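The region 'Disordered' annotation in TrEMBL covers 1-55, 816-835, 1154-1178, 1190-1220. Annotation source TrEMBL lists compositional bias 'Acidic residues' at 14-30. For 39-50, the entry in TrEMBL reads compositional bias 'Pro residues'. The Mg(2+) binding site annotation in TrEMBL covers Asp448, Thr450, Asp886, Asp890. What TrEMBL lists as ATP binding site is Asp448, Lys449, Thr450, Glu549, Phe590, Lys613, Arg646, Thr726, Gly727, Asp728, Arg860, Lys866, Asn889, Asp890. Summarising the annotation, TrEMBL assigns domain 'P-type ATPase C-terminal' to 970-1138. Taken from TrEMBL, the feature compositional bias 'Basic and acidic residues' applies to 1208-1220.
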Amino acid sequence: MSRRRTDSQGSLGPDDEAMPYSDDETDDELAVSSEGEPEAPPGAPHPPVETRPSDMGWKVKANDRAYHQLPEFQKKVFLCIKKSRYSGNAIKTYKYNAFTFLPLNLYEQLKRAANLYFLALLILQIIPEISTLPWYTTLIPLVVVLGVTAIKDLVDDLARHRMDKEINNRKSEVLLNGRFQEAKWRDIQVGDVVRMKKNDFIPADILLLSSSNPNSLCYVETAELDGETNLKFKMGLRVTDERLQEERQLAEFNALIECEEPNNRLDKFLGMMLWNREQYPLELDNMLLRGCKVRNTEECHGLVIFAGADTKIMRNGGKTRFKRTKIDELMNYMVYTIFALLLLVAAGLAIGHTYWYEDIGSKAWYLYDGKDQDASYRGFLSFWGYIIVLNTMVPISLYVSVEVIRLGQSKFINWDLQMYFAEKDTPAKARTTTLNEQLGQIEYIFSDKTGTLTQNIMAFKKCTIAGRSYGDPTTAEGVSLDRGRPVDWSWNRYADKKFQFMDNYLVAHVRSKKDRDAMEFFKLLSLCHTVMVENKDGELVYQAASPDEGALVTAARNFGFVFLSRTQDTITIREMDQETTYEMLALLDFNSDRKRMSIILKFPDGRIRLYCKGADTVIYERLAPNSRHKETTQTALDVFANETLRTLCLCYKDISAQEYEAWSRKHKDAQLTLSNRDAALDRVYEQIENNLMLIGATAIEDKLQDGVPETIAKLAKADIKIWVLTGDKKETAENIGYSCSLLTDDMQIHYGEDVNEKLSIRQANRRNEPQTVYRRKKKPAEPFFTQPGKNALIITGGWLNEILYEKKKKRRRLRLRRLGKRPPPSSPQDGQPMNDLEKEMRQIDFVDMACECEAVICCRVTPKQKANVVSLVKKYKKAVTLSIGDGANDVNMIKTADIGVGISGQEGMQAVMSSDYAFAQFRYLQRLLLVHGRWSYIRMCKFLRFFFFKNFAFTLVHFWYSFFSGYSSQDVNDRLSLKFPKLYLPGQQGTLFNYKNFFISLFHGIFVSLIIFFIPYGAFLQTMGQDGEAPSDYQSFAVVTASSLIFTVNLQISLDTSYWTFVNCFAVLGSIAIYFGIMFDIHSAGIHVIFPSIFTFTGAASNALRQPYLWLTIILTVGISLLPVICIQFLHKTIWPSVGDKVQRNRKKYEMELEEKEKKKQPSAFQRGRRSRRSAYAFSHSRGYADLISSGRSIRRRPAARGGPQDSIREVPHREAENI
């Protein structure tokens, strides 16, 4: 089936490839960007501007610590106390220290309603007139509850202290007193010069000054920032590279850096270096960011610009939010409800006591206590007395019991061997113990892509050459196999041994040198690229700007076309056994608009040829009419797309010397253009990239983590919606959406322009409605997609800002402020929100539309936007959300969601440090939610229902008396929980514990308390003991009622237990045994001798329980209490069974099916053979290395004083063109 697509290409909206500005833009920056221009789309790129030093608010003086302590750099902290505005390099993620732990922790705990209530109760019990129970009966439980929680909080915080200490105590070399000395990270300050070596983590945001590489090139790995393992390059300024290589030169370095204030933008840095009366512009390519790792660079030097909390990685962390579960919030409201009931009951009993004392108590001589108090005052005192007696209605042990249960559930997650990743020795880790049951209520998952869904490893899988497809398992003779063996590369001493390819026929075909097309195919792959090569101990090491490029060049290398070296104007390869050097005439770099790259080469025999690779959509438009194999290659591309492989078309063109000379002159003119140079170059490139001859196409697999498609499919069956939020490009994100089965061919995909149009129509209709109707009558929202079928949303960060009105009003206000005007009120025509309510309605509309879709992918989004999307869904859908990621750019999103999950085992640990749960593979998420989350939720709900029932049943016995005086909840096992994801739905809907269940527990408790009180009461009225005397003392009565209650509650728990273990049996039988043991002890003669004034009822228990009819009374009471429950449960499971009941009923059958399924061979995750007309182009390469390679400014010789001349490679800013 062909996939329907609503495209937005060619629109005048935001640039889909540009990362939108984040919320940390300065007003100056916004003002400059909008000066003299019409309202720019929020996603559009802005050209660099020459910023005057006076506009820069951050000043850093090299090698001068005292400079940063000057009064002008001080900021007020509290009253007259000031400190430097420059942060130290120590980071702090802990909550408490030795002085603040006790007061802060007590304050946090007393915010819980029950704890505050029992503190007030303790104060009441100290007052003798109203105290009905000793004060220590409240003090001891309260201290235990507060103490257990405090210890748990202390253990959690000590772990944070340890992690902070480990990071802050890392070592680095700092230039102090004229020489490099080893110092701890926490001692590094802004303005220090530091030396970093290969594989060192970068301790702060540092301006690169020089390195051991030619022209101060430095490679960094950004896994901790964005999860990507391909290397990025950074470049020192030419002036610092030439003058700051020796220790003495670095010690004399005294430049002043003026730059932007600390912000969270990972994609931007602007500054100016003033040194020796000269000014040098600085940009992001000159900066090494904290959290990155130095790679393939023996040594480099840098100047600390931002430290500690001011670094970009820490600025992206967002606020640490105190997370509470829905059940926690519900429990607090229920405690308020119980407290209100307690006040009503106590008030009713106090009023009753007042009337009783007036009518009876004051006239009964045997009740006279010697106090001259009237009935009203006695009623007032009895009110407080009943508050104390009935205090068990508000459960003091509830919170500590909940914490103990959560701790146990966390241990189950930590001990789960099925979530242990042996390859990296990484177990699952519950980093918090307070959110486990919330795992059973997740409705939305927000996932990063790179490093979370994918491994960020590209593998060359298949190709089509001259109309024939290769890549399936075959023998060297071309016979197809079901299961082949990988190619043996022993014949090629340059081969990468990790590279696996299953088609032995293609290898034999290339080695035979008979097929010119195949030879040309791999020659193109070895020549048309921007990869850098390094020779280490005889091994070739490739440095690619993207993993795609690296995979293609590695494939060519294994097939015998080995890229060996390059200079500014040559490129050398080994073609099978022959080494050949080609002259590089021009390198036409890749960018997101062109979607292709080309190289023009002069062959040793004088021929000039252009090689080009790019997306099928742009290559096919530029093919010559007589180009062959177009149809067969398109068919192969469709097959590759259906298998979710990433494709590139390869083609060539022979150019005459005259044609090249004419084009070269135009190219040089375009390079000299001062305005819109990139656009001019693109127009010139178009003139040469035409009439191309198609060779074939490559198919690369962007390797998903194991089990990702199956996990997403299973979570979807549990009605959990998955949104992907990534900084990657649209094509890449879309391709991964298909790979992991998030997107399917039968979905209609809606892009930014279509979404904006639909929302604008809805907004216009709302504006046209009468205001009174609009405000008074909230009609249910109509669906945005009325046609049947599945829908998906793919939206870029630029369009997200456009749709949600981010930045528009601010830009407009700044422009008007500069012109000295007041902003006029918005009108419906200017595309602005009329007011805050309209902006809010727009956000609600967007969330509603997105939630109607089966899949949502937000690409090219900033860390701040990721967090905003999560908060919008939380705010307007009141849904429980989970975010999962692996890099520092995911930290804000992880902290914003109700549950944050970090992918551990990667080199970047920033996401794990901020997460609530951590494990090594995305596939473990299904077990975390569908097994541990579901079980934790069920266990907690059952516990709370029984807890409230037990408390009401116990406490209300006192209420009735006042008229006459005064764990296991695993329903099905883990395998069935995964087989039937629908079992997860009750958690999302919150059906197992809510106010309805609370009041059922209340009425159940009232019913049981009535039975437990009145049946023994009736028995004691009309009975006679074996000794002829009626046991009418209230202590014997108390023994019978208490025993009935213990049996009833424990049997009630037993009725609801699905799986019996040793722990269950011990808990139930042990509770009964401990009760009888304590009861006989407190009625024994021995304890009466020790405490004669307290334990006065010697032998009451043994005397009462010797009477057979009292045992009969207990059995009758328990039976009548449990009978209605048994009947209701039977009817529910027989007539109205839940999904869980049905699965439990057929448990053995389903388990046998699972065992049989495991014995069979698992089918492939992909369905092959369906036709799909979508383009599978998804090239992650971004412009960059071509400038390093081909720019005339990029290559120069080092000064002779630095070890002799050598050719080297240097970067220029992206706006500079190539010089040939």
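Just so it is clear, glycine is given a Cβ too, placed from its N, Cα and C backbone atoms.
Taking all protein chains in view, 31 other C-beta atoms sit within 10 angstroms of the C-beta of Asn889 (ATP binding site). Candidate binding-site residues: Phe590, Arg646, Gly727, Arg860, Asn889. Nearest to Thr450 (Mg(2+) binding site) by Cα distance: Gly727.
Look at the Cβ of each of the binding-site residues Phe590, Asp890 and count the other Cβ atoms within 10 Å; the largest number goes with Asp890. In the structure shown, across all protein chains, Asp886 is the one of the binding-site residues Asp448, Asp886 with the greatest number of other Cβ atoms within 10 Å. Looking only at the binding-site residues Asp448, Asp886, Asp890, the one with its C-alpha closest to Arg646 (ATP binding site) is Asp448. Counted within 10 Å of its Cβ, the other Cβ atoms near Arg860 (ATP binding site) come to 26, all protein chains included.
Residue density at Arg646 (ATP binding site): 25 other Cβ atoms are found within 10 A of its Cβ, drawing on all protein chains shown. Closest by Cα distance to Asp886 (Mg(2+) binding site), from the binding-site residues Phe590, Gly727, Arg860, is Gly727. Model confidence over the domain 'P-type ATPase C-terminal' (970-1138) is summarised by a mean pLDDT of 74.
Rounded to a whole value, the Cα-Cα separation of Gly727 (ATP binding site) and Asp890 (Mg(2+) binding site) is 10 Å. For Gly727 (ATP binding site), the count of additional Cβ atoms within 10 Å of its Cβ stands at 26 [all protein chains shown]. Around the Cβ of Thr450 (Mg(2+) binding site), a 10 Å sphere holds 28 further Cβ atoms from the protein chains shown.
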